[in-house]
Structure formats: structure tokens, C-alpha cells
Amino acid sequence: MNFSKNLPLLVSLWAITFFAYTHAATFDIVNQCTYTVWAAASPGGGRRLDQGQSWNINVAPGTTQARIWGRTNCNFDANGRGQCETGDCNGLLECQGYGRPPNTLAEFALNQPNNLDFVDISNVDGFNIPLEFSPTTNVCRRLVCNAPIVQQCPSELRTPGGCNNPCTVFNTNEYCCTNGPGSCGPTPLSRFFKERCPDAYSYPQDDPTSLFTCPAGTNYRVVFCP
């Protein structure tokens with residue numbers, strides 16, 4: 001290789017890699033529902049979004065086990081304390097942890113091996129709001145879970161404002177995969193979710209059809225009621 005001739009290319013490649021690993025990813029969170037959604041993010045906090053409003057958060061590279069979700073039928077006081085019917089996070093407007101099921105999740109891990117982000121929509125914590133999770137440019141797949149799951153929810157999974165995942169209700173290995181890899185598989189109740197939202201996790205070990213990748217450095221859009 002002629003090093004001097006290829007130096008500009010090498011510098012450009014280094015700059016792209018450096019940017020992906022050192023710059024936060026931006027998440028544009030949008031409420032297109034006809035009702036108010038109290039958006040939540042871990043990390044990130046939380047904010048009330050009326051119809052048509054949006055909220056931008058920046059997430060540091062290398063962040064893992066992160067999620068964004070919506071809360072419904074909330075009531076907070078001037079100090080940001082209260083409660084929500086679904087997705088509540090310890091009674092706080094600005095969440096400091098995960099939400100209480102049921103809640104539809106946009107999950108992600110940024111800047112993982114091979115310069116990839118791992119992204120998914122999950123119904124493992126149940127379903128409360130239709131959700132889209134997509135890149136802001138066409139660099140990877142658009143994920144959507146937009147079925148009338150609350151209205152069609154099986155009776156044993158129904159709860160005010162949402163539809164529980166069977167793991168939440170029964171808390172057994174059959175539904176929660178608590179005995180480790182390969183210890184559980186699809187069930188009739190998990191298939192209820194999968195048939196309506198093929199892109200989304202329906203049980204904890206649903207990785208082959210539910211976990212997707214995007215290039216590190218991608219920015220994202222999360223839409224309630226796409």
C-alpha cells in the first residue's frame with residue numbers, strides 16, 4: 001500500500017469510526033396518539049407528550065440494556081410525583097429505572113462488537129401502546145408493533161390499560177425462560193403477540209426473529225401510535 005497516497009482515505013475511515021464511538025445517538029420520541037403519553041427512557045428520564053409533541057434525548061455510546069416506553073393515564077403533582085395506569089416507574093415523572101408492566105418497549109444497546117447497535121421492540125413486558133422504532137435514515141430495518149393487542153387481549157392477560165405478557169401473570173419457566181438458554185419456547189399465549197407483531201419479542205428467548213442490528217452511530221425515531 002502506498003501509505004501517503006491512501007492517507008486521506010485512512011484518515012476519513014478513522015474519523016468515521018471515531019465519530020461513531022464518541023458521539024451520542026439521538027432519539028427523537030414522538031407522540032402521534034390521540035391521547036397524552038408520558039414518555040419514559042432509561043437512561044433519559046421522562047416527559048409528558050400531548051398529541052403531536054416530541055422529545056429528543058441523547059444516549060452515550062456504549063450504553064446497554066436501555067429502553068424507551070410510553071406511560072398512560074398518569075397524574076403527577078408539581079414535584080413530578082404521582083402514578084400511571086401503565087408503565088409507571090416508581091411514581092416519578094422523570095424515570096430513574098424501568099417501568100412496571102405492561103409496557104411496549106423499544107430496547108437498544110449502542111456501539112457493540114463489529115460497530116453495531118442492537119435494537120428491538122419487545123412485548124416481554126406486555127403491551128400498552130402501539131410503537132415504531134426506526135432509524136432516521138434508511139440504514140437498517142424499520143420495526144413496528146401496531147396491532148390492536150389491548151382490544152384483542154386474551155382474558156387471562158387483560159389488565160387496565162394494557163395486555164400483560166404471560167411471564168408477568170404466571171411467572172413460570174414455560175413463559176419466562178428462567179432456567180437458562182433453551183429452557184423455553186413459543187407458547188399459544190406468546191404466539192398471540194407474535195402473530196400480531198412479528199417484529200417484536202413475544203417471549204424472552206425470541207431472539208432469532210426479533211433482534212436486529214444497525215450501524216453504530218445511527219440516530220433513531222420512536223413513535224407512539226405510528
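Glycine is treated like the rest: Cβ placed from N, Cα and C.
Here Swiss-Prot flags C33-C225 (among others) as disulfide bond. C33 (disulfide bond) counts 19 other C-beta atoms within 10 Å of its own C-beta, drawing on all protein chains shown. Taken residue by residue with DSSP, C33 (disulfide bond) is part of neither helix nor strand, so it is coil.
Summarising the environment of C84 (disulfide bond), the number of other Cβ atoms within 10 Å of its Cβ, over all protein chains shown, is 25. The disulfide bond annotation in Swiss-Prot covers C74-C84 (among others).
Positions annotated as disulfide bond by Swiss-Prot: C89-C95 (among others). Sequence-distant contacts of C95 (disulfide bond), defined as residues of its own chain at least six apart whose C-beta falls under 8 angstroms from its C-beta, comprise A40, A41, S42, G44, G45, G46, C89.
C140 (disulfide bond) carries neither a helix nor a strand DSSP state and counts as coil. All protein chains shown were included, and the count of other CB atoms within 10 Å of the CB of C140 (disulfide bond) stands at 17. The feature disulfide bond is assigned by Swiss-Prot to C140-C214 (among others).
According to Swiss-Prot, the disulfide bond annotation covers C145-C197 (among others). DSSP classifies C197 (disulfide bond) as coil under the three-state reduction. Taking Cβ-Cβ distances under 8 Å and a sequence gap of 6 or more within the same chain, the neighbours of C197 (disulfide bond) are I121, N123, F127, V144, C145, N146, A147, I149.
Sequence-distant contacts of C153 (disulfide bond), defined as residues of its own chain at least six apart whose C-beta falls under 8 angstroms from its C-beta, comprise F127, G162, C163, N164. What Swiss-Prot lists as disulfide bond is C153-C163 (among others), and the listing cites sequence analysis.
Sequence annotations record features per position, and here Swiss-Prot assigns disulfide bond to C167-C176 (among others). The C-beta environment of C176 (disulfide bond), restricted to residues of the same chain at least 6 apart in sequence and closer than 8 Å, consists of C167, C184, P204.
Residues annotated as disulfide bond in Swiss-Prot, with sequence analysis given as evidence: C177-C184 (among others). According to its DSSP assignment, C177 (disulfide bond) is coil. Around the Cβ of C177 (disulfide bond), the same chain contributes S183, C184, Y203, P204, Q205, each under 8 angstroms and 6 or more positions distant in sequence.
Marked as signal peptide by Swiss-Prot on the basis of sequence analysis: 1-24.
For the pair C225 (disulfide bond) and C74 (disulfide bond), the C-alpha distance works out to 18 angstrom. A Cα-Cα distance of 25 Å separates C140 (disulfide bond) from C33 (disulfide bond). Across the fold, the C-alpha of C33 (disulfide bond) and the C-alpha of C214 (disulfide bond) stand 27 Å from each other. Every protein chain shown contributes to the tally, and the Cβ of C145 (disulfide bond) ends up with 25 other Cβ atoms within 10 Å.
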